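Here is what TrEMBL says about this protein:
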- 41-60: transmembrane segment (TRANSMEM)
- 94-112: transmembrane segment (TRANSMEM)
- 128-268: domain 'Fatty acid hydroxylase' (DOMAIN)
- 178-208: transmembrane segment (TRANSMEM)
- 324-343: transmembrane segment (TRANSMEM)
- 450-620: domain 'Very-long-chain aldehyde decarbonylase CER1-like C-terminal' (DOMAIN)
Amino acid sequence: MVAPLSAWPWENLGGFKYLLCCPLAARVLYSWIYEETLGDLWCLCILILYVLRAGLHQLWNTYVNMLFFTRNRKIKQQGYDFKQIDQEWDWDNFLILHVLISAMACLIFPSLGDLPFWNSKGFITLLLLHVTISEPLYYWGHRLFHDTYLFTHYHSLHHSSPVLHPFTGGHATFLEQLLLSIVTGIPIAGSILMGYGSASMIFGYLLVFDFLRCLGHSNVEVVPHEIFNKLPFLRYLIYTPTYHSLHHTEMGTNFCLFMPLFDAMGKTLNSNSWQLHQKISSDSAKKGRVPDFVFLAHVVDISSGMHVPFVFRSFASQPFSTRIYLLPIWPITFMFMLIMWAWSKTFLLTFYNLRGRLHQTWVVPRFGFQYFLPFATDGINKHIEEAILRADRMGIKVISLAALNKNEALNGGGTLFVNKHPELKVRVVHGNTLTAAVILHEIDNDVKEVFLTGATSKLGRAIALYLCQKRIRVLMLTLSTERFQKIQKEAPADCQNYLVQVTKYQAAQNCKTWIVGKWITPREQSWAPPGTHFHQFVVPPILNFRRDCTYGDLAAMRLPEDVQGLGSCEYTMERGVVHACHAGGVVHQLEGWTHHEVGAIDVDRIDLVWEAALKHGLRPVSSVK
C-alpha cells in the first residue's frame with residue numbers, strides 16, 4: 001500500500017503536468033492582448049521565477065556533466081546510469097508545486113501583488129528567520145525522516161540515487177516537498193508580515209536556496225579547502241558538496257540544510273567531513289585515473305551536437321531524434337560550432353566502467369560536414385594525432401577511431417598515425433573488423449545473392465571477400481573496373497567468379513538483399529524488389545522510403561549487462577548499445593591484443609573477432625524497421 005502523500009498528484013500526467021502552469025500564462029497573455037496592460041503582474045512574476053529556477057538547475061546540470069572541467073573534482077567517481085536518470089526524470093515537480101502554492105497565496109492575499117521591488121530591511125529579516133527558524137526546523141525534520149517508518153515510506157526515495165546530481169535535490173516525495181515548502185516559506189512570509197517584503201527578496205532567496213541545494217547535490221567539489229584554513233569558522237556556516245555527500249553514504253550524520261553548525265550542536269557532524277573535503281579539493285589538481293580504453297568520436301551535425309549530457313541529460317539518455325523544443329537553442333549550438341572550429345581541442349564527453357576498467361569517449365571538436373572540406377583535413381588529422389599521442393603518454397591501452405575519424409581518404413583508416421609513430425604503445429583500432437562481422441551475421445543463411453554499394457570501400461571489400469568464400473554471389477556496384485579487379489584477385493581462385501561487377505542499380509532489381517555502404521536516394525531504392533531488406537554501414541543512415549521493404553540499423557552491439565555508469569546514448573543507438581566500431585575497440589582491449597587494427601580489414605580475423613565479442617558478453621542488436 002502506498003503511504004499517504006508519497007505520490008505526486010500529477011504523476012500520471014507525464015509531460016502534460018506543465019499544463020498546470022497554463023492558467024497563469026493564459027492570464028498574462030489575455031491582459032497583454034485584450035487589456036493592453038499587464039494586469040495581475042504577479043502571474044508573470046511567478047512564471048519568470050519558475051523559468052529562472054529551472055534554468056538554474058539546468059546550468060548546474062551543464063556544469064556537472066562538463067567532464068572536461070569536473071572529472072578530477074568528482075566526489076564519487078561513478079557515472080549516472082539510465083536507471084537513476086529515469087528515477088529523477090520528474091525532478092522539477094517541486095517547482096510546479098511552488099507555482100501552485102504561489103498562485104494560491106496571491107489569490108488569497110491580493111496585496112502580495114503590490115510588494116515593492118526592493119526593501120533592504122527585508123533581506124536582514126529574511127536571513128534572521130532563515131537561521132533561527134528554517135535551519136533548525138529542517139535539521140530536526142530531516143532527522144525525523146530518518147526514522148524507520150518515515151525513511152522506508154518517504155525519504156528512501158531521495159536516497160535511492162547512487163550518485164548525487166543537482167536534480168537529486170528535487171527527487172523526493174510529495175509530502176517531503178510540501179514540508180520543504182514550509183521551510184522555505186517561513187522566512188519569506190515572516191518578512192512580508194513584518195512589512196519588509198519585496199519582490200527582489202523573494203526572487204533572491206529562492207534562487208540562492210536552489211543554488212545551495214544544487215551545490216550540495218552536485219557531486220563536484222567546488223569549494224576550495226584553503227578558505228576554511230584561513231577562516232575556520234566558515235566551515236560551520238556553509239556546507240560543501242563533500243559534506244552533504246557524506247550524509248548519503250553515512251546516513252546517521254550531516255543532516256543540516258546549509259549550516260553545519262546545527263550538526264555540531266546536535267552532535268551529528270561527521271568527523272571525516274573536513275579531512276575528506278581537504279583531500280578531494282587538493283586532489284583536484286592531480287591527474288585522475290587513467291582510462292583503459294578511449295573511443296574517439298566526433299560531432300555528426302548541429303542537431304546531434306545538442307545530444308550530449310551537458311545540454312539536456314534526459315535528451316541524451318534517449319536515442320537521438322529531432323525535437324521541436326530544441327530549435328530555440330540551435331543558433332547557440334551553431335555559434336559554439338564556430339568557436340570550436342576556431343579554438344578548441346579534443347575533450348572528454350562521457351565515461352562508463354566495465355569489469356573494473358574505465359572506458360571514456362573523447363570528442364574531436366569537428367562536425368561531420370567539416371571532414372569533406374579539403375582545407376580542413378590537415379587540422380582534423382592534427383586533432384586525431386594529438387589525441388592518440390596524449391593517450392599514449394597517459395598509458396591508455398586502446399584508442400578506437402569512430403566514423404569519419406578513420407576515413408580512408410583522411411588518414412588511411414588510421415594507418416597514417418601508426419606509420420608516423422611506430423613506437424606507439426597505445427593500440428590504434430578502427431573497429432571495422434567487428435563492424436563487418438555484425439553486418440555479415442545479420443544476413444540470412446539461405447541468401448545466395450547480395451547487392452553491395454560502396455563495394456570498393458574498406459568495409460565493402462571485406463564483406464565482398466568474406467561472402468564470396470561462402471559461395472554467395474556479390475553484385476558489386478562500382479564504375480572502377482580496376483578497383484573491382486584488384487579486390488577480385490584477392491579472393492581465392494575458385495571463389496573469384498562469385499564477385500560480379502555491376503554499374504547500375506537496375507542490375508539488382510531481382511535481388512532482395514542489399515548491403516548499402518554508400519548513401520542512396522529514394523529513386524535508387526526504387527529498383528529494389530518488394531520484400532528487400534537493406535543492411536547498411538553508411539552515415540547518415542538512408543531514408544526509410546519503401547514501405548514494402550525493411551531497413552536495418554547501423555552495425556551495433558549491446559554492451560554486457562554488467563556495464564556501470566552508462567547514461568547516454570550514442571547518436572541513434574538504443575540504450576546500452578554502441579556502434580560496432582566502438583564495440584570492436586572494447587573487444588580489442590578486453591582480449592589484450594597487442595596489434596594495431598588499421599588500414600585494410602583482415603578478412604581471416606572477422607570470425608575470430610566476432611567470437612571474442614560474444615565471449616565477453618557483447619550481443620548483436622537485431623532491429624528491423
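A Cβ is built for glycine as well, from the same backbone N, Cα and C atoms used for every other residue.
Across the domain 'Fatty acid hydroxylase' (128-268), the model assigns an average pLDDT of 97.
Residues 10, 17-18, 20-21, 23-24, 42-43, 46-47, 49-50, 53-54, 170, 172, 174, 177-178, 180-181, 185, 192, 206 of the same chain sit 6 or more residues outside the transmembrane segment (94-112) yet have a Cβ under 8 Å from a Cβ within it. Note on the domain 'Fatty acid hydroxylase' (128-268): DSSP counts are 97 helix, 1 strand, 43 coil.
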